[in-house]
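To start, the structure itself, in structure tokens.
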Amino acid sequence: MVPADEEASTYRQTLSRSFPPTHISQDISKASTRTRGEGQISDEPPPTGLMATLSRTKSRTNTILEKVSLRERIHHFTFAWYTLTMSTGGIALLLAETPHRFRGLDTIGLVVFFLDIVLIFLITAALCLRFSFFRKTPAKAITHPSESLFIPTFFLSVAAALSNIQHYGVPKCGPWLIATLKVCFWVYLVTTFFLSVGMYHLLFTGRRRLSLDSMTPAWILPIFPVMLSGTLAAFMAPSQPPDQAAAMLGAGLAAQGLGFLISAFMYATYLSRLMTIGLPVQRPGMFIAVGPPSFTAAALVSMGAQVPRLVSTTDSFISDSLRSVAYLADMENPGTIAFAVRAMALFSAVFLWGLSFWFFSSACLSTLFGMPDHSFHLSWWSFVFPNVGFAIATVRIGEAFGSEGLLWFATVLTVILVAVWLFVGFCCVRAVIRRKLVWPGRDEDSD
């Protein structure tokens, strides 16, 4: 019988001759380096639970403590910053539309509008610096699956600015501004139409594809600007001559229908994603779904209000050569037809208002009860702009029905949105100061 100690010693000697310790350590080192370099499974199990949280916290801390120059921070200044200006412009527009007013409210709205214009210029200047410092950045921004979705926010900011010029500028300026806004409308319509076609083409054909499990209402953003052409037409038509108003309303109605229908197609995918995968991590983005039906409802009511004026003046802008084939020429009962069209527009608006209210309620519930990521992102501005459309639609429908309840609901919603706008603005400034925005790996240009 061999003693146990002697047997163990013999086993260790045999193992040492077969697998020298130096070779073992070298092989382990090489395997660890190779697996880490090739992105394979490493020799150590990934941290879980508390260790994973501590690891992520350490990574964030190291990133924040890095010394990053102002030039490098500008490198990460993305198109998503235009969400700030579209929301600020939306607040100025809402202050002009809110039904229950007090002395000085117009002045407050005008100040907010001027602030919006200043912010648009500052953000545009920062982006120009980014593109001039880093020449390859424009191509990367256009093709990046996340940042490219925010390019339309610039045009949404322009639409909000044009609407504010209509409300605050036209009553105080001469006919030259009315003519200028007409030109701006047509330029905006053509530009945003081709923008929507081009952007979706890039998303359809790009090598870096979006996945269905990451689907959010932000996929609607490329079609959003051209849809707002209808809202712009509805806001600008009352100050335009009848012939120009008719052309703008016709084109605006087509654009509004295009934008809403594309959004409705996206809603099917969005709801399927919610049912199969669950709520998105970025809950504020859920409010984007409120926008299309809301702005469409507001546009329909405003367009319908212009029908009686246009029907009564059709003879003044329909040429004699087309009078025999023009549908609106020589109508026997123009007043009845105008009333029917206006009523149909109002009923359609109420139909869409219900959809927007459902999306609004769903987004509120999902945000208040279970928002997993409380760190600030520029998507928080989605708390404001889409809901501005919902508030304006409520004002339009309330005025059309003479409903004091709806008008007070719109007023309360206005107060809440102004408070949310101030809160999100404070969080945005704090995030920049604390290096949580405009910082490597923390913005929409990160991979």
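Cβ from N, Cα, C; glycine included.
Some features that TrEMBL has for this protein:
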REGION    1-47  region 'Disordered'
COMPBIAS  10-34  compositional bias 'Polar residues'
TRANSMEM  79-96  transmembrane segment
TRANSMEM  108-129  transmembrane segment
TRANSMEM  149-165  transmembrane segment
TRANSMEM  185-204  transmembrane segment
TRANSMEM  216-237  transmembrane segment
TRANSMEM  249-272  transmembrane segment
TRANSMEM  284-305  transmembrane segment
TRANSMEM  337-360  transmembrane segment
TRANSMEM  380-401  transmembrane segment
TRANSMEM  407-433  transmembrane segment
*Using a Cβ distance cut-off of under 8 Å, indicate which of 149-165, 185-204, 337-360, 380-401 has the most pairs with the transmembrane segment (249-272).*
185-204
*Go through 79-96, 185-204, 216-237, 284-305, 337-360 and flag the stretch with the largest number of C-beta pairs under 8 Å relative to the transmembrane segment (407-433).*
79-96
*Would you call the transmembrane segment (380-401) and the transmembrane segment (79-96) in contact, using three or more Cβ pairs under 8 Å, pairs 6 or more apart in sequence?*
yes
*Quick one: find which recorded stretch in 79-96, 149-165, 185-204, 216-237, 284-305 has the most Cβ pairs under 8 Å with the transmembrane segment (337-360).*
284-305
_Top Cβ-contact partner of the transmembrane segment (79-96) among 108-129, 185-204, 284-305 (pairs under 8 Å)_ = 108-129
*Cβ pairs under 8 Å with the transmembrane segment (108-129): which stretch of 149-165, 185-204, 216-237, 284-305 has the most?*
149-165
